[in-house]
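Taken straight from Swiss-Prot:
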- 368-384: compositional bias 'Low complexity' (COMPBIAS)
- 29-177: domain 'FAS1 1' (DOMAIN)
- 205-351: domain 'FAS1 2' (DOMAIN)
- ASN30: N-linked glycosylation site (CARBOHYD)
- ASN40: N-linked glycosylation site (CARBOHYD)
- ASN135: N-linked glycosylation site (CARBOHYD)
- ASN154: N-linked glycosylation site (CARBOHYD)
- ASN167: N-linked glycosylation site (CARBOHYD)
- ASN207: N-linked glycosylation site (CARBOHYD)
- ASN312: N-linked glycosylation site (CARBOHYD)
- ASN317: N-linked glycosylation site (CARBOHYD)
- SER396: GPI-anchor amidated serine (LIPID)
- 360-388: region 'Disordered' (REGION)
- 1-28: signal peptide (SIGNAL)
Amino acid sequence: MANVISISHFTLLALPYLLLLLSSTAAAINVTAVLSSFPNLSSFSNLLVSSGIAAELSGRNSLTLLAVPNSQFSSASLDLTRRLPPSALADLLRFHVLLQFLSDSDLRRIPPSGSAVTTLYEASGRTFFGSGSVNVTRDPASGSVTIGSPATKNVTVLKLLETKPPNITVLTVDSLIVPTGIDITASETLTPPPTSTSLSPPPAGINLTQILINGHNFNVALSLLVASGVITEFENDERGAGITVFVPTDSAFSDLPSNVNLQSLPAEQKAFVLKFHVLHSYYTLGSLESITNPVQPTLATEEMGAGSYTLNISRVNGSIVTINSGVVLAVVTQTAFDQNPVSVFGVSKVLLPKELFPKSGQPVATAPPQEISLSPESSSEQPSRLVSPPREIVSSGAVKRPLGFLVLWCWCIAFCYVLV
């Protein structure tokens, strides 16, 4: 009788999992490592790192980067990158990240009329009327590819520098592209250099009270924060890693069930609820979308111990960020403020910690809506809508699995079949 080679069910089940793990690991993008091979892109690479965009891209798995070589940085462009506030500079750089892998063949198929491609700036939630997209066109006679924005003249693609299907393509362009909504005349308030060797005082903190006043629909949250005194504590925590604040809108407080009365809570518990809305790290909206560890500690966690008062942050429907408190499921509805080291986001629900509000009471959690109305920053106009990025208009090789992965997958299936 022929010898039968046995193989455990665990091994059979583990092989597909390991292959999936390897494929997802390979899909992660390290844009700094990619650009390090090109010394002429050092200035652009440094901007991506210092602004935090390089880290933001690590969670993406398919994009095209529009990089400006050192030789193409005019004095005006360099001056612009130095003058812009950090949040505006970050949005400027997000506009140079196309959320679509474009191969050389994809570029050749672009029609003369052009194709709209979504940028990472669109995912920030601060764009309006399609201002987060660029129009990519190709001249059929010369073969040159240009990329346009309503706010500035078109830039020309100089070269397809690097392509790693289906993850990243690096295109060099002859100038920076400025998106609509960024004031190129804006500048940071620069302090003169000290005249003595004594240490200068630390910079003034960001005024959270004024941010919430400017947001127009955070009146209830503001009154609770001021009355409890924790808003001062939040402002003191801006230093170091920074903070991310999730502020319920006024309608979120109106939607609280009748058995939840925050005003009746003891002062200490009320402070815990408010601190439960704050992460002790600075996150942009894009970094929340690509967060690798969904369970995040809050300021309340620091007081009550590891594992308690945590939030579960995830992304659904492409670009909608949800926050699960263990009792309610809230959605990020707007970016009220984003300037390193502080970001403030409006949320659709009051985040109730399970430690204080067990689910045994009236159910509060609801499914996230298909579309979430967003209030524009500091505006009383009709809110725009945060939706998933539009479907890819240019056909892309990004939808195809890597050939090597398919061959490896088929080989493993055949190998297991022979062994069994």
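Every residue gets a Cβ built from N, Cα and C, even glycine.
Mapped onto this structure are the features recorded in Swiss-Prot.
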| residue | record | Cβ contacts under 8 Å, 6 or more apart |
| --- | --- | --- |
| ASN30 | N-linked glycosylation site | SER58 |
| ASN40 | N-linked glycosylation site | PRO69, ASN70, SER71 |
| ASN135 | N-linked glycosylation site | GLY114, SER115, ALA116, VAL117, ILE147, GLY148, SER149 |
| ASN154 | N-linked glycosylation site | THR137, THR146, ILE147, GLY148 |
| ASN207 | N-linked glycosylation site | GLU235 |
| ASN312 | N-linked glycosylation site | PRO294, VAL295, GLN296, ILE323, ASN324, SER325, GLY326 |
- Whose Cβ, among the glycosylation sites ASN167, ASN317, has more other Cβ atoms within 10 Å than any of the rest? ASN167
- Item | DSSP-derived structure type at ASN154 (N-linked glycosylation site), helix or strand or else coil | strand
- Quick note, ASN317 (N-linked glycosylation site) and ASN167 (N-linked glycosylation site): C-alpha atoms separated, nearest Å, by 20
- Query: Per DSSP, ASN167 (N-linked glycosylation site) is which: helix, strand or coil?
  - Reply: coil
- Give me the mean pLDDT over the domain 'FAS1 2' (205-351), rounded to a whole number. 86
